[in-house]
Amino acid sequence: MDAWRGMPRWGLLLLLWGSCTFGLPTETTTFKRISLKRMPSIRESLKERGVDMARLGPERMALVNITSSVILTNYMDTQYYGEIGIGTPPQTFKVVFDTGSSNVWVPSSKCSRLYTACVYHKLFDASDSSSYKHNGTELTLRYSTGTVSGFLSQDVITVGGITVTQTFGEVTEMPALPFMLAEFDGVVGMGFSEQAIGKVTPLFDNIISQGLLKEDVFSFYYNRDSENSQSLGGQIVLGGSDPQHYEGNFHYINLIRTGLWQIPMKGVSVGSSTLLCEDGCLALVDTGASYISGSTSSIEKLMEALGAKKRLFDYVVKCNEGPTLPDISFHLGGKEYTLTSADYVFQESYSSKKLCTLAIHAMDIPPPTGPTWALGATFIRKFYTEFDRGNNRIGFALAR
C-alpha cells in the first residue's frame, strides 16, 4: 500500500472469484473464501528489465520522508492481487486489497491514452454496464509514488461471491511510474470509513450492512511457497478465518483507536536483545505492503545490528551471510512474533551480484498516524492475520 495508505502498501493483492448472490444469510453465504495470486512487484519488474532505480531520481520514486498527515501507500513492492467484477455484466479487474486505504478505484475508459499506464490496463467502460449510475464528484488520491485522480461513479461490485452497490473511483490520470509496470489495475481499500476520501462508504462496510457474513471480520493468508505463478498465492476469507491455513488459536491485540488498523507494539528484538521500541511504539498491519517498515532512525539502527548495507531504496547483505543473520522479534500484546532470516531475506535471482535484499524498509510517517512501524506481507506470510471490525482488534496465529 508508503506509506501507508499503507504501502498501496499495499500489499499485497488478491484474486476474488465468485458469482453474484443475494438474499438472507445462510450457511453458504456467511463464509467466503477468496483465492489470491502472487506476481512480481513493480520494483522486481524494474530490476528484471535492467532499470537502474537510482537514475529515476528521488523526485520520481521517493519512498521516505512523507509529509502528508494521511497514510500513504507505496505499491512498488506489492506482490498479491485478486479480482473483482464491476458493473452488469461484470467487467473484471485485478486489484490490490489494502488495509491501509478505504477507497475503491480502477482506471476509466475516459483516461487519455497520453497516460501510458492506462494503455496497459483494463479500463472500466460505464457505457457497457446497465447498472451504472453517474456521480461525477472529483477524486484525488495521493500515494508516495504518485497521484491518481478522476471522478466518482456508482455501480455494483462483485467480490468473493457477494454483490453490493458501491461508489468507486474512475481514474482518468495516473503516472506511468509505477503503474505502467503494475500487474494490478486498481485498489480495493479494506480500511475504515474515517480514512475514505470523499466520504465514500468502504466496500467492506457495504458488505457488512447486507448482513451476509457470519462475523464482521476478514482474514488474510499469504503463501510462503508461492514463487510458482500457477500456485495459490494466498487467500482472503470474508466473515471468518480458515483453519486449514493456521495453527492453534488467535492472539488478539486491540486497536489503538477506531478507524485505523494500527496496534501498540512494546519492542523490537534482534536475537535476545530488545534493540528498538523499548518505550513502546505503534505498528500498522498493512496488507498492501510487501515489506516491514519503520522510521529511518529505527531501521538504520536495525540494519547496523544486522550488518546490512544500504542501496538507494533497500538494504542488502551478502547472500552467504543471510542464513547467519539473527532472528527479529516484534513484541505485540504480550507475545513475541519472531521472524528468522529465512523470513526476511530473499535473493534477487536476476541480479549478477551475489547480494540478497532484506524485506525491511525505512519509511517516515508523520503524526497523527506516525511515527509508526508497518507490518506487511513479510510478517503476514508468517502469521495468519484476522481483522476484526466487530471488536476493533487484530488477531495473529502461526500460518501453515
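Indices start at 1 and increase along the chain as displayed.
Quick reminder: no glycine exception, Cβ is built from N, Cα and C everywhere.
Keep in mind the model is a prediction, meaning the values are calculated, not measured.
Taken from Swiss-Prot, the feature signal peptide applies to 1-23, supported by similarity to another entry.
What Swiss-Prot records for ASN65 (among others) is N-linked glycosylation site.
Marked as domain 'Peptidase A1' by Swiss-Prot: 80-397.
Summarising the annotation, Swiss-Prot assigns active site to ASP98 (among others).
A 10 Å cutoff on Cβ-Cβ distances gives CYS118 (disulfide bond) a total of 24 other Cβ atoms nearby, all chains included. The disulfide bond annotation in Swiss-Prot covers CYS111-CYS118 (among others), and the record cites similarity to another entry as its basis.
The DSSP secondary structure for ASN135 (N-linked glycosylation site) is strand. Look at Swiss-Prot and you will find ASN135 (among others) tagged as N-linked glycosylation site, backed by sequence analysis.
Sequence-distant neighbours of CYS281 (disulfide bond) (same chain, six or more apart, CB under 8 Å from its CB) are PRO264, MET265, PRO371, THR372, TRP373, listed in sequence order. Marked as disulfide bond by Swiss-Prot: CYS277-CYS281 (among others).
In the three-state DSSP scheme, ASP286 (active site) is classed as coil. The active site annotation in Swiss-Prot covers ASP286 (among others).
Residues or ranges marked as disulfide bond by Swiss-Prot: CYS319-CYS356 (among others). Other Cβ atoms within 10 Å of the Cβ of CYS356 (disulfide bond), summed over all protein chains shown, number 23.
Rounded to the nearest whole angstrom, the C-alpha distance between CYS356 (disulfide bond) and ASP286 (active site) is 23.
The average pLDDT for the domain 'Peptidase A1' (80-397) in the predicted structure is 91.
Using Cα positions, the member of the recorded positions CYS118, ASN135, CYS277, CYS319 nearest to ASP286 (active site) is identified as CYS277. Sequence-distant neighbours of CYS277 (disulfide bond) (same chain, six or more apart, CB under 8 Å from its CB) are MET265, LYS266, GLY267, VAL268, SER298, HIS331, TRP373, listed in sequence order.
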